[in-house]
């Protein structure tokens, strides 16, 4: 067939080819979620719910030492004795009220000249979390992805929690607490990122708060689980080892991998399948001509060079600032929780009060993150926590062995504010960095939080001698954290970028260079 005999047919076929090519649309994952999947629908809510359940046993394994490592009450055996002179008494003259298996302190005699050994396991737990955060963050960004890293972390958490219940002495116990901290460190950071990477930009803050709500549920469940086994700290660890195992086997298989991570690794077909599944559950359809643009290819069509958070000037300055703020927040948030024994109230009662105060913190955060600048919300809550801790010093030691209700009330408000600042800085960090280093950035924040938390138990031990000291240090560091974030840019309603190069280019175009923008703020 000669083309001159059928000119109309040839021209028409050419137009169809041009139309077909021009109709194809390459969009970023962010654009597909906003335009075709929906910023937040049933699919994302189900996904976020399943992911966030893991925060429950992350909380339980973090705060379990409030009960297992507490100093229980003691009493004289059949005769009167000076309640302030335990260390001078013959051990045969007194006994622990709950038995010598009720806590590690009672079983191993971590009192008097050994009392500072009692804080070592908690400090090593947070040190393990610090190191584990970097390892899990790197695994989640570069190798395993978010979902597989959560699975690994959950299984290791279950194993190490059970092994901890078998510890024969304080030193093996401390080493196992270190390993448990290392294991659980991947749960929080990966669950937060996995939740926020599937929703639209207007819902990131609120969705991030849902995870912290389940962390609160885990905190609230602790007294309920601990009380029935209060005479055996080993039994409590065995019970806690069951939950992450059940989650790994029955729930995690139904969670999808982050489409943003799949796209950044060049697995755009898999990423599109995840988005199509979300769209279908939301009652929507992604047009067949839409595809995901490969963020690893530059505008010139060349593969993008490997990027490092530390080799990029503006990003390294930004993460250093975030980590400074995180150190103070972690010190205060975990320190105030562990310091409840120095309030001279029943420990089950004070833990329940603090856990309940996390609920308004999550609610306030969910509401205010919808319309308030992240930096303003974080700084305000950090300042409130700091002022509350400083006010607690006024009432320290005035109860003469009995708790001060005024101090308990102020401490509860301060803890609520510390909880809010703790939650907000996580959301803030997620929005400050792009996909290819986001998990690693959150893990660096987690490291600084855990470094603060690792030092906090020492302050709690000092608080047993002089409670005002611990509250003063908590207050000062919280205010310091609020000031540091003045040098960070605002991120509310900003897009989530995929690479450092893209973020630097876009921020330079819209707001000037990232470095100049941060100095201007």
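Glycine is no exception: its Cβ is also placed from the backbone N, Cα and C atoms.
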Which residue range, 445-462, 499-516, is the one TrEMBL calls transmembrane segment?
445-462
Name the residue range among 278-303, 408-433 that TrEMBL annotates as transmembrane segment.
408-433
Mean of pLDDT values spanning the domain 'Major facilitator superfamily (MFS) profile' (47-493):
88
Any chance you could find the range in 149-176, 212-229, 319-336, 468-488 with the most Cβ pairs under 8 Å to the transmembrane segment (235-255)?
149-176
Cβ contacts under 8 Å made by the transmembrane segment (445-462) with residues that lie 6+ beyond its boundaries:
115-116, 118-119, 122-127, 129-131, 133-134, 137, 181, 185, 188-189, 319, 322-335, 338-339, 341-342, 422, 425-426, 429, 469-470, 473-474, 477
Cβ contacts the transmembrane segment (212-229)/the transmembrane segment (468-488), at least three under 8 Å, sequence gap 6 or more:
no
